[in-house]
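Novice: These came from TrEMBL, pasted as-is:
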type	residues	note
BINDING	Ser7, His63, Gly139, Phe140, Gly141, Gly142, Asp172, Gly173, Gly174, Gly194, Thr195	substrate binding site
BINDING	His30, Asp32, His63, Asp172	divalent metal cation binding site
ACT_SITE	Asp32	active site, proton acceptor
ACT_SITE	Asp172	active site, proton donor
Amino acid sequence: MVEIAPSILNANLLQLGEEVAKIRSADWVHFDVMDGHFVPNLTFGPMFVEALRQVTAVPIESHLMVENTAAFIPLYAQAGSKRIIIHAETGNHLHRLVQNIKELGCEAGVSLNPATPLSCLEYLLPDLDLVLLMTVNPGFGGQRLIPAMYEKIKQLRAIISERRLSCKIEVDGGVNLENAPRLVAAGVDVLVAGTLIYRDPDPAAALKRLRDGVQ
Ligand code: DX5
Ligand code: ZN
């Protein structure tokens, strides 16, 4: 079963509670944390996770696009994230950071920017609950998916199968109704979708259309 994780980045932020209520059938709420350094945009602090936790039963995954990853992991864990996803490009001690996430009781994911090779995860894959492959350069919603990422997904799926690991593959950026089936065929378990869902006048219907298109 493919999971859907709507990103609230392009939701109506003045009505976040109502916006999240529209996606109550989602598997995850995808929460994009940007610090204005690692990516050229600035978004939400941990208090938003805490606030959202009060109004939704859907588990929250925090995607940390920040330079100072080590300092932010505990804050987003304490705020109530079920899964924390960090970027391989930000940490000198990626293995230690992944262990920190697990010690805090969260699932651990590592994200790779489009240009970052899969090989950097060779010794880490058995420790991961999830790998998030960026299918756009992070920073903004509404970009086009980079076609070279299909091959990256297939290669990661082959590695995970060959090594008999349980780590899931998630993709983030430019997911739409046309490319979703191809992404799933390439090996994706979790689809993040931002503008596809929140730029639709009916986010609940958009979520259902995406789900129906990949089941
Ligand atoms: C991009 C973010 C994404 C983004 C996805 O940096 O990590 O989660 O919101 O938005 P769409 O689906 O519009 O590409
Ligand atoms: Zn994201």
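Using N, Cα and C of the backbone, Cβ positions are placed for all residues, glycine too.
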Novice: Mind giving me a neighbour count for Gly174 (substrate binding site)? Other Cβ atoms within 10 Å of its Cβ, every protein chain shown.
Specialist: 23
Novice: I'd like to know which of the binding-site residues listed (Asp32, Asp172, Gly174, Thr195) lie near ligand 2, counting only a CB under 6 Å away.
Specialist: Asp32, Asp172
Novice: Looking at the binding-site residues Ser7, Asp172, Gly174, whose Cα is closest in space to that of Asp32 (divalent metal cation binding site)?
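Specialist: Spatially nearest to Asp32 (divalent metal cation binding site) by Cα position is Ser7.
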Novice: For the substrate binding site, please report the maximum Cα-Cα distance among Ser7, His63, Gly139, Phe140, Gly141, Gly142, Asp172, Gly173, Gly174, Gly194, Thr195 in Å.
Specialist: 17
Novice: Look up Gly141 (substrate binding site) in the DSSP assignment and report helix, strand or coil.
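Specialist: The three-state answer is coil.
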Novice: How big is the Cα-to-Cα gap, in Å, between His30 (divalent metal cation binding site) and Ser7 (substrate binding site)?
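Specialist: His30 (divalent metal cation binding site) and Ser7 (substrate binding site) have their Cα atoms 4 Å apart.
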Novice: DSSP three-state call for Asp172 (substrate binding site): helix, strand or coil?
Specialist: strand
Novice: Taking only the Cα atoms, work out how far Thr195 (substrate binding site) lies from His63 (divalent metal cation binding site), in Å, as a whole number.
Specialist: 16
Novice: Let me know how many other Cβ atoms fall within 10 Å of the Cβ of Gly139 (substrate binding site).
Specialist: 16
